[in-house]
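Written below as structure tokens is the structure these notes are about.
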Amino acid sequence: SKREIKMRKLDSTKVRPLKSEQLLHIEDHDFALRPGFGGSPIPVGIDVQVESIDSISEVDMDFTMTLYLRHYWKDERLSFRSNKNKSMTFDGRLIKKIWVPDVFFVHSKRSFIHDTTVENIMLRVYPDGNVLFSLRITVSAMCFMDFSRFPLDTQNCSLELESYAYNEDDLMLYWKHGNKSLSTDEHISLSQFFIEEFSASSGLAFYSSTGWYNRLFINFALRRHIFFFVLQSYFPAMLMVMLSWVSFWIDRRAVPARVSLGITTVLTMSTIMTGVSASMPQVSYIKAVDVYLWISFLFVFLSVIEYAAVNYLTTIEERKQLKKRGKASGMYSMDAAQAMAFDGCFHDTDVDMDLTPFPDPCEENETRTSQTNISNADTPRLRRKRSLKGNVGRIILQNNHVIDTYSRIIFPSVYIVFNFFYWGLYM
């Protein structure tokens with residue numbers, strides 16, 4: 001009747017279906033159920049095109065990847081008549097009204113579908129009911145990394161796809177074109193890694209409460225570029241170790257020079273080690289770079305200890321020589337240790353040393369008179385300085401301790417052997 005027609009027009013709760021929905025007979029079926037519900041599992045093919053690997057984070061142990069994810073299945077409820085046998089393409093507005101596979105990313109931290117300028121979703125339906133469902137997604141997922149060989153390491157990561165609700169009795173997830181189902185952009189590159197390979201594989205995952213599920217894997221291997229770490233860590237450490245060897249060629253009398261050089265190299269090595277540790281996760285095992293830096297730190301530290309031994313043995317040796325010559329008996333004269341305390345240098349007996357006894361207070365006037373008479377004469381210290389001119393190299397070699405002589409050969413030799421062993425083991 002006219003009254004019923006008028007009431008239908010005024011009913012705002014009913015929306016007239018779109019032309020595409022009428023063509024696909026969407027209102028005639030319950031799409032809350034999967035295709036072939038109650039029968040054999042529905043096969044869903046997957047293929048992936050990796051657009052980019054955006055970042056790799058060692059601290060968070062994850063990676064971010066942008067990809068095109070495509071699903072293929074057949075739903076006879078969506079079949080339609082077509083004289084030209086052409087498919088129909090729709091955007092994301094139709095997705096919420098039909099059944100689509102509930103594929104999710106295992107171990108993912110965050111993911112999103114790109115929506116600029118509109119949602120990057122494409123649905124293509126063929127007359128026989130075959131469906132192509134494509135998404136453009138960026139996903140961040142876990143990558144369980146092993147840093148025992150860092151920075152000479154190779155990391156194997158994988159992005160895993162699985163149905164969330166349908167186990168293997170309801171949905172069979174597989175790679176649409178086998179190994180060719182995974183393709184990558186030719187221009188994919190990373191700043192710190194070289195991508196060695198991409199591969200696709202499949203398997204099963206078991207959950208005690210829900211059963212077995214088909215799982216697909218996107219595997220890729222990343223080999224780290226070593227040149228950055230050579231410039232930032234290894235090369236500075238080598239230079240600090242070699243700089244510490246300069247101490248072996250400095251005269252053992254030059255206490256301030258050798259001590260300050262040793263302390264400077266030790267502090268610089270500590271700074272390098274702190275900088276490397278700050279950019280890495282706090283793992284409970286030793287990394288390859290830790291081995292190198294700690295061994296280098298040990299060499300620098302031993303060079304400081306070496307001079308401590310030279311200093312101590314030199315002091316004992318000079319005291320013995322002074323006692324033998326009787327210069328330290330019955331007088332308030334300065335011995336070698338006291339001389340070092342005043343001017344920071346040892347004074348070997350090979351070179352004349354000004355050991356003037358402290359004057360008696362009652363003879364002060366006579367001393368002043370004698371100093372005036374010999375003001376124009378050469379003092380022993382001036383004679384010593386003149387004798388050093390032109391003979392510095394010879395005197396340094398003669399006055400070097402035997403420990404310094406051996407250290408010049410042993411320290412570089414052991415460090416070279418260590419480098420050959422280290423790079424041969426980890427490369």
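Positions of Cβ are set from backbone N, Cα and C atoms, glycine also.
Your range for transmembrane segment, going by TrEMBL and the list 91-111, 112-132, 196-216, 259-279, is 259-279.
Residues of the same chain lying 6 or more positions beyond the ends of the transmembrane segment (291-310) and with a Cβ under 8 Å from any Cβ of it are 233-234, 237-238, 240-241, 244-245, 247-248, 252, 258-259, 262-263, 265-266, 269-270, 272-273, 276, 401, 403-404, 407, 411, 414-415, 418, 422. Look at the domain 'Neurotransmitter-gated ion-channel transmembrane' (234-321): DSSP puts its residues at 74 helix, 0 strand, 14 coil. Within the model, the domain 'Neurotransmitter-gated ion-channel ligand-binding' (26-225) carries an average pLDDT of 91.
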